[in-house]
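A.B. asks: I am attaching a structure below and will ask some questions about it afterwards.
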Amino acid sequence: MPALGSQRRLLGSLNCTPPATLPFTLAPNRTGPQCLEVSIPDGLFLSLGLVSLVENVLVVAAIAKNRNLHSPMYYFICCLAVSDLLVSVSNVLETAVMLLLEAGVLATQAAVVQQLDNVIDVLICGSMVSSLCFLGAIAVDRYISIFYALRYHSVVTLPRAWRIIAAIWVASILTSLLFITYYNHKVILLCLVGLFIAMLALMAVLYVHMLARACQHARGIARLQKRQRPIHQGFGLKGAATLTILLGVFFLCWGPFFLHLSLIVLCPQHPTCGCIFKNFNLFLALIICNAIVDPLIYAFRSQELRKTLQEVLQCSW
């Protein structure tokens, strides 16, 4: 990915120089005990990508099979699974092609590899943007279902959900094309960082508000049953733990990648930033880990979806 890492992995496999260079030069890699570089083996990249691929394919298949899951909420979850699937496919494809090039099994011209690298970059960038947007859409959908329960089906209709889904995919494609075309502009990187911060803030505000409402509801039930402390405290701890896991996974998996983008703009030549640039592959691996965890958080917790998933695994179509 041209502006994201300190190297283009596919082009680096051919030992050729990219045709375009950044207007800001990244700091040279710094060595020494204070500069930690975490090496990610290609086998681990492939393994994580394949696990994520299988998980998200199962989610899409289960939602497609069960008509009871054909609702806006599950359509958003399905689109999130497709986005995570594309993240995995693009990284697996890039790693596989890179290994074939390095082994001399695949022989092709540098121009062809450059075009392939651009296609993979479009997939990676587009799937990342769509994944962030669908995480935000799921948060908004759940917020409406709690705070506007009686009006939910009139607010979140299927036609409206389809329009939102179409808008997210179109915006993701356009964003990825703009990124590939203008990757040497700092504004593009700042826009991607801004999207991450906006989604993080949106999810934090909505889920914290939902947790507060749930705790308030639990207190009301506890008063009626005259067992206020045990019920309220247990529910509050469980809700806080769920919220911590949800937002914590999002921040830990996506945060380092967007920190990397921010530092490319803020301190591209600083030695300390150069240490962080060396761990770009680690940041990509964390995003793939997020694609593995997303189905566990958003999809597999549904009893209906788990039941359908068992039928899919048993091939009972």
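One is the number of the first residue shown, and numbering goes on along the chain from there.
Including glycine, each Cβ sits where the backbone N, Cα and C put it.
These came from Swiss-Prot, pasted as-is:
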- ASN29: N-linked glycosylation site (CARBOHYD)
- CYS315: S-palmitoyl cysteine (LIPID)
- 1-37: topological domain 'Extracellular' (TOPO_DOM)
- 64-72: topological domain 'Cytoplasmic' (TOPO_DOM)
- 94-118: topological domain 'Extracellular' (TOPO_DOM)
- 141-163: topological domain 'Cytoplasmic' (TOPO_DOM)
- 184-191: topological domain 'Extracellular' (TOPO_DOM)
- 212-240: topological domain 'Cytoplasmic' (TOPO_DOM)
- 267-279: topological domain 'Extracellular' (TOPO_DOM)
- 301-317: topological domain 'Cytoplasmic' (TOPO_DOM)
- 38-63: transmembrane segment (TRANSMEM)
- 73-93: transmembrane segment (TRANSMEM)
- 119-140: transmembrane segment (TRANSMEM)
- 164-183: transmembrane segment (TRANSMEM)
- 192-211: transmembrane segment (TRANSMEM)
- 241-266: transmembrane segment (TRANSMEM)
- 280-300: transmembrane segment (TRANSMEM)
A.B. asks: Can you name the far-off residues of the same chain, 6+ from the ends of the topological domain 'Cytoplasmic' (141-163), with a Cβ under 8 Å from a Cβ of it?
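C.D. replies: Result: 71-73, 75-76, 206, 209-210, 213-214.
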A.B. asks: Count, for each of 73-93, 119-140, 164-183, the Cβ pairs lying under 8 Å from the transmembrane segment (192-211), and report the range with the highest count.
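C.D. replies: Comparing 73-93, 119-140, 164-183: 119-140 has the most Cβ pairs near the transmembrane segment (192-211).
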A.B. asks: So what's the average pLDDT for the topological domain 'Extracellular' (184-191)?
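C.D. replies: The average pLDDT of the model in the topological domain 'Extracellular' (184-191) works out to 84.
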A.B. asks: Across the topological domain 'Cytoplasmic' (301-317), what are the DSSP residue counts per state (helix, strand, coil)?
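C.D. replies: Each residue of the topological domain 'Cytoplasmic' (301-317) counted once, the result is 11 helix, 0 strand, 6 coil.
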A.B. asks: With DSSP as the yardstick, break the topological domain 'Extracellular' (267-279) down into helix, strand and coil residue counts.
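C.D. replies: Residue counts for the topological domain 'Extracellular' (267-279) by secondary structure: 7 helix, 0 strand, 6 coil.
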A.B. asks: Which sequence-distant residues neighbour the topological domain 'Cytoplasmic' (301-317)? Criterion: at least 6 residues beyond either end, Cβ under 8 Å.
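C.D. replies: For the topological domain 'Cytoplasmic' (301-317), the far contacts come to 58-59, 61-63, 65-66, 68-69, 74.
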